[in-house]
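Novice: One structure, as structure tokens, below. Some questions next.
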Amino acid sequence: MTTLISADNHIALFALLCAICAIVIYLEQNYKWAAKITGCIMVLLITLVLSNLRVIPESAPAYDFVGNYLVPMALPLLLFKADIKSIVKDSGRLIVLFFIGAVGTCVGSAVAFLITSGHINEAPKFIAMITGSYIGGGVNFVAMADNYGASGTTVATANVADALTMMFFFFALMVIPSINFFKKHWLHPYEDKIAKQTEAENGQAATSAGAYWGKREISLFDLALEIGLSLVIVAVSTPISEFFSTVIPTSNFVFNFFNALLGSKYLIITVISVIIATIFSDKLAKVGGAQELGTYFIYLFFATMSAPVSIRLLVGDAPWFFVACMIIVVINILFVLLGSKLLHFGIEEAMICSNANIGGGSTAMALAIAKNWTELIIPGLLVGTLGNVIGNFFGILMGTLFGA
């Protein structure tokens with residue numbers, strides 16, 4: 001497919017992505033209407049429109065560069081001031097809510113099958129694939145497709161439907177915490193903390209985002225240290241995770257658990273980053289700019305997320321696949337919201353757990369960064385990693401139940 005900016009025009013494509021992020025950040029920090037929409041949603045919408053108008057390609061090496069290099073770098077940048085005590089506490093809490101969401105995904109899959117199976121070829125195989133994906137992640141989707149021998153058409157159509165579903169899903173997760181109904185009926189400790197942090201400066205800024213991201217002292221050495229250290233952490237973590245993924249077998253549940261756990265480069269990055277942040281906490285506390293740089297990388301990540309979503313293909317080939325995905329996502333969110341309300345979790349924790357279910361650990365991490373819920377970055381990543389471990393089991397369960 002021909003586009004105005006071709007996939008191999010790396011510098012022009014990357015320049016456009018950076019320009020979009022700069023414009024969106026300015027709008028979010030200076031206009032209340034933009035702050036309500038949030039910068040990440042605006043980035044998603046802009047790239048969705050540009051992709052479907054064929055201004056930018058659906059896939060490109062520039063997008064891969066963001067996902068393969070900048071997103072891993074963002075994690076240590078955001079963790080240089082991590083509090084290990086709150087990480088342990090919040091991670092343990094979220095596991096309960098994550099499993100409630102996993103049950104919600106299974107219930108949603110059953111409802112989706114009953115409603116859409118007459119309109120979807122290989123419906124049982126599709127349900128197994130999407131159940132595994134919406135508890136674990138993309139790796140579980142591929143595993144279930146291979147396990148049940150799903151056709152290339154089913155896999156491709158499911159991917160298109162999933163991509164658009166994820167767009168609506170991320171919009172919902174971004175917006176729900178700011179809706180008055182949820183503010184009134186759910187706890188919101190992380191949003192309250194952000195409000196207190198920005199209250200003193202808010203009189204001088206047009207929006208709370210403008211106050212939170214006000215000018216701060218950053219030196220040349222700060223940037224050199226942060227970029228260099230984050231790259232070293234990523235460079236060391238990648239071969240370590242590949243080593244564990246290779247040497248640890250997947251022959252039973254226990255081995256599979258440790259393979260998924262230690263084979264995740266994001267988990268290794270997290271562990272090394274937290275160790276460094278703990279040992280050198282006094283020195284890293286004085287370093288400025290890490291949070292700004294890491295958050296900017298996440299904006300670029302969101303800019304690449306909606307580019308693969310082809311509305312034309314979805315309308316032509318995948319409407320019932322999309323309906324099924326939306327049913328599962330909505331029921332998952334309802335289960336997580338109900339569980340968080342009954343167990344007195346914050347609305348922020350509910351959104352992170354639902355994201356960890358449906359989108360996986362990396363997108364849960366991205367949501368936490370985008371919303372400035374810094375204490376939930378690692379817990380979201382960890383429960384998402386747990387989803388990779390158990391996703392295949394739930395996928396096989398639903399596939400067996402419906403005769404895949």
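Every residue number used here counts from 1 along the chain in the order it is shown.
The backbone N, Cα and C atoms fix where each Cβ goes, glycine too.
TrEMBL labels come from automatic prediction, so no person has curated them.
What TrEMBL lists as transmembrane segment is 7-27, 33-53, 65-82, 94-114, 126-143, 163-182, 220-240, 260-281, 293-314, 320-338, 350-370, 376-402.
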Novice: Look over the recorded stretches 65-82, 220-240, 260-281, 293-314, 350-370 and say which has the most C-beta pairs under 8 A to the transmembrane segment (94-114).
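Specialist: Comparing 65-82, 220-240, 260-281, 293-314, 350-370 against the transmembrane segment (94-114), the winner is 350-370.
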Novice: Relative to the transmembrane segment (33-53), which of 163-182, 293-314, 320-338 accounts for the most Cβ pairs at distances under 8 Å?
Specialist: 293-314
Novice: Please check if the transmembrane segment (293-314) comes into contact with the transmembrane segment (376-402), where contact means 3 or more CB pairs closer than 8 Å and the residues in each pair are separated by 6 or more positions.
Specialist: no
Novice: Please check if the transmembrane segment (126-143) comes into contact with the transmembrane segment (260-281), where contact means 3 or more CB pairs closer than 8 Å and the residues in each pair are separated by 6 or more positions.
Specialist: no
